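According to TrEMBL, the feature domain 'Amino acid transporter transmembrane' maps to 29-423. The transmembrane segment annotation in TrEMBL covers 32-53, 59-82, 108-130, 150-169, 176-197, 217-236, 257-279, 299-324, 344-364, 370-391, 403-427.
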Amino acid sequence: MVADNGDEPDDDNNKLTLHVPETSHQISTDSWFQAGFVLTTGINSVFVLGYSGTIMVPLGWVGGVVGLLLATAISLYANMLVAKLHEFDGRRHIRYRDLAGQIYGREAYYITWALQYVNLFMINIGYLILGGSALKAFYVLFNEEHTLKLPHFIAIEGVVCILFAISTPHLSSLRIWLGCSTVLSLIYIIVACVLATKDGLNAPPRDYTIHWTSTTSRIFSTIGASANLVFAFNTGMLPEIQATVRQPAVKNMLKALYFQFSVGVVPMYAVTFIGYWAYGSSTSTYLLNSASGPLWVKASANISAFLQSIIALHIFASPAYEYLDTKFGITGSALKVTNIAFRILARGSYLTISTLVSAMLPFLGDFESLTGALSTFPLTFILANHMFLMAKKNKLSSLQQSWHWLNVGFFALMSVAATVAGIRLIIVDSKEYHIFADV
């Protein structure tokens, strides 16, 4: 895909007409429904088993419920802004960095690229930790000696993810796997909801008090939980998903977003609220660890969570794979020996590094907070509002422009505060636990 090759930047406004390279992956092939399922797979991934503990416990009923509803609304709004810019200036921008570069210039292209890959790398770390936790939870159901520890299961998760990445060349090839992901998600969500409901009905009154050791802890925990809220709903790779959608790309992507933020959020709401209702402030950051029930039921849910994390990770790793494949000119059949060898080397290296970091620092809630702070706030809220403002400023009223500036300022402050809170949480937990901890 080429956009006006050879044009020079406009010196008056420092805009850059970017050369957008051809992609080695498929574009414009998928229906809005498939894109909706990709988005819904992300929102109902194995991460939902942690939201009772990472969102509701630090925020309580009022803060958690109101926060989730507000996060749903503002996330839909921000993603709609990005989707409407997909064909800005008569070009189809198939990558987030291409869109930012077209609006702002070369520096923004690289800054957005860095932010996005930090975001996706951190999300993948979360999937590796959660997948390893699910596999460990399955293991302890059948083994009382607990010889293997969490880092071992994260390593196993990493190996399986490498094998899946090698065999699944691009995002559009996930078609049948998205159906499998939906079934797997339904299994662990339904099991978690049923077991938690049973436990809640049979348990004495729960403690829903928000426990803080100090005012400082209260402030940082609340800010960190707010970052978890926005992390729950946003991918940081909407243009890459939209690139796979058939024309009309904007209209179809809006349909996919409506699907994600209506039908798609229901399972997440259910498991988050039921989990917190059942266990209160003692809710685990991996809900199935709090639930009691038949061994085979918990085993099936944990295995489903493990397998779903592999599919979901591939979605969020796909922009990195697309860059590498395109950069090194990987074309033709996915079964070519050279293409397979390249995927083994490139994707295997990427996932090996991710797995090592995950095993060293397996503090899931902390990584959710830091991811939301470092990249979800800037990519989804700050950039979305400012790009829309820059692209449409001649068509916006002064009131509309003020609204977008207000959003930019507010979310910039939230991003800074949440970054400090996330780093503090990781430092505190790093002091409490050694590297490769069995948490």
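Cβ coordinates are placed from backbone N, Cα and C, and glycine is handled just like the others.
Automatic prediction, not curation, is the source of TrEMBL annotations.
The recorded stretches the transmembrane segment (370-391) and the transmembrane segment (403-427) share 3+ CB pairs below 8 A when only pairs 6 or more apart in sequence are counted, and are therefore in contact. Most Cβ pairs under 8 Å to the transmembrane segment (176-197), among the stretches 32-53, 150-169, 217-236, 299-324, belong to 299-324.
Against the transmembrane segment (108-130), the recorded stretches 59-82, 257-279, 299-324, 344-364, 403-427 differ in Cβ pairs under 8 Å, and the greatest number is found for 299-324.
If you look at the transmembrane segment (217-236) against the transmembrane segment (344-364), you find fewer than three C-beta pairs under 8 angstroms, all six or more positions apart, and that falls short of contact. Here the transmembrane segment (59-82) has long-range neighbours at 96, 99, 208, 210, 222, 225-226, 229-230, 232-234, 238-239, 254, 257, 261, 265, 269, 272-273, 276, 380-381, 384-385, 387-388, meaning same-chain residues at least 6 beyond its ends whose C-beta is under 8 angstroms from one of its own. Counting residues 6+ beyond its ends, the transmembrane segment (257-279) has Cβ neighbours under 8 Å at 32-33, 36, 39-40, 43-44, 48-49, 51-53, 55-57, 61, 64-65, 68, 72, 75-76, 79-80, 83, 185-186, 189, 192-193, 196-197, 199-200, 203, 206, 208, 232-233, 287, 290-291 in the same chain. Counting Cβ pairs closer than 8 Å to the transmembrane segment (344-364), the top stretch among 32-53, 299-324, 403-427 is 299-324.
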